Amino acid sequence: MSSLVSLNNDTKLIQAICAVVLKGHWTKLSKPEIASSLTSTNIHQVLLNFLLNCDNPSLSWGFFKWTESTLPNHKHSLQSSWVMIHILTKHKHLMTAQNLLHKFALRDFLSTPSVLNSLLKVHDDPDGNSHILSWLVIFFANSKMTQDAIQVFDQMRIHGLKPHLHACTVLLNSLVKDRLTDMVWKVYKKMLGLGVVPNIHVYNVLIHACSKSGDVERVEKLLSEMELKWVKLDLFTYNTLIALYCKKGMHYEALSVQDRMEREGVSPDIVTYNSLIYGFCREGRMREAVRLFRDIKGASPNHVTYTTLIDGYCRANDLEEALRLREVMVAKGLYPGVVTYNSILRKLCEEGRIRDANRLLNEMSEKKVEPDNVTCNTLINAYCKIGDMKSAMKVKNKMLEAGLKLDRFTYRGLIHGFCKLQEMDSAKELLFSMLGAGFSPSYCTYSWLVDGYSNQGNEETVIKLMNEFVRRGLCVDVSVYRALIRRFCKKERVDFAERVFGLMQGNGISGDSVVYTSLAYAYWKAGNANAASNMLEEMYKRRLMVTLKIYKCFNASYANDNILSLFWNHVVERGLMSKNILKEMQQLDSYK
């Protein structure tokens, strides 16, 4: 009975507050007997009453702001804010509603499923909730909080709320930028399941995703889908398609897209021409690139156009033409940037023209063009190539002074240089620095170390490296053991390969197909057929197969070995490689 009385009292209080607000008697709300009764729950109920029974959003908004500014230490509950957003949305005050949503979206962890579930129960309005959650998806996606955006999107799907098309586009675009390609297609599938009809903007994002991953097959399917749905391609679509085909070396397809866009009345812009020119330059087809450059219509060549051509000439060993084109570029008021300089610098270094390369660096300094990692790595590799490690280390130190971070190419170049000079302590320290910086050395990097120590007759140090990795707290995974085993096998030092294999197993790391195939072939080549068979038997037990990639890798590495084909036949007989792979590759080798 007492709870019923209390309920009636609360109802009367809420009705009284609503009446005061409707009449605009704000001073009455400040009276102690009323102000002291304004709890978060009561304020929420008042706003809910206005949502259901009042057509003037200014009154609700005025009350919402008044309680926030007047009541001591008052902070609106999540439910009150949610109702206020619904009121603003219902009366088309969309900008104000979005601003309020953004204000507490981060503060109250709105992407959390439990929070969203409780809020959606506050007011059962599918259209309003769709509006608000769509804005939330956009807000999180634009704030680079992609996982939060996905969580909100999934809650909409669970509750049967249809997201706005713009929210889907923004979310998909955010996923593409984060290179979460698999998630792009999952979200797209869910989006279609909710009845969202994609438009050209959605398709452009999807085609852009395909372009980033080089997925030509999926692009063709999307184009067919667009054709069935009468979605017309725009300039962005055509440019993305041309860029993809050029990147994949599919010149005929790229030019076909250009023809199609012109037939459809879409004029190419400089982005279109730049992609086509890049495609030709990449393949060394400079005549076609220049012809297309001269045929540019309705657009003006820009930095990208000239830089692409300059890089093309450098790759085609025509440095003089590249330098001439740079002068043309400057004459047209387009001043070379760091990418342009890098192309010329790389060619100078390839030709061993270090003095000219340094002159070019001075020119960059005069023109206030800041070197980047590519500039520095190009110089480091050039110095390492001629054995000038002192200069290479100077460039490395200047990189750090300029605020640039060493990348895997920097480490790789320096390690190679020190290994060539057999300064193995320096090479080893750089390897540890590389691993400490979070980079994974390639097979080549470990090969140089193995070769360097082997040339000194000091293979034992390579074995000890494993313990030093552990001592320094560095992670040693299968890739490290794999690289060392491969190189020792290649150098026909099976004894050391066996020791590395033993260490790997002792540390609880299982070998993969490459490890077992390397050891099996090393035993086979050494005439130890029993040991080779044991390795292959172990592979069979562990269901480790020789893939096409492994087959190609071994054929390239052991190209001059006459017994390799016999080994592959033995592998096929053991059921460790498909007969189709062997047959296909043998036919290809025969054709070559």
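Just so you know, glycine gets a Cβ as well, placed from its N, Cα and C.
As given in TrEMBL:
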REPEAT    129-163  repeat 'PPR'
REPEAT    164-198  repeat 'PPR'
REPEAT    199-233  repeat 'PPR'
REPEAT    234-268  repeat 'PPR'
REPEAT    269-299  repeat 'PPR'
REPEAT    302-336  repeat 'PPR'
REPEAT    337-371  repeat 'PPR'
REPEAT    372-406  repeat 'PPR'
REPEAT    407-441  repeat 'PPR'
REPEAT    477-511  repeat 'PPR'
REPEAT    512-546  repeat 'PPR'
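Counting only same-chain residues 6+ beyond the ends of the repeat 'PPR' (199-233), those with a CB under 8 A from a CB of the stretch are 165, 168-169, 172-173, 175-176, 179, 181, 184, 188, 240-241, 243-245, 247-248, 250, 261, 264, 266. Secondary structure by DSSP for the repeat 'PPR' (337-371): 26 helix, 0 strand, 9 coil. Within the chain, the repeat 'PPR' (302-336) has long-range Cβ neighbours (under 8 A, six or more residues past its boundaries) at 270, 273-274, 277-278, 280-282, 284, 286, 289-290, 293, 296, 343-344, 346-348, 351, 367, 369. Through the fold, the repeat 'PPR' (164-198) approaches residues 130-131, 134-135, 137-138, 141-142, 144, 146, 149-150, 153-154, 156-157, 205-206, 208-209, 212-213, 229, 231 of its own chain, all at least 6 residues removed from its boundaries and within a Cβ separation under 8 Å.
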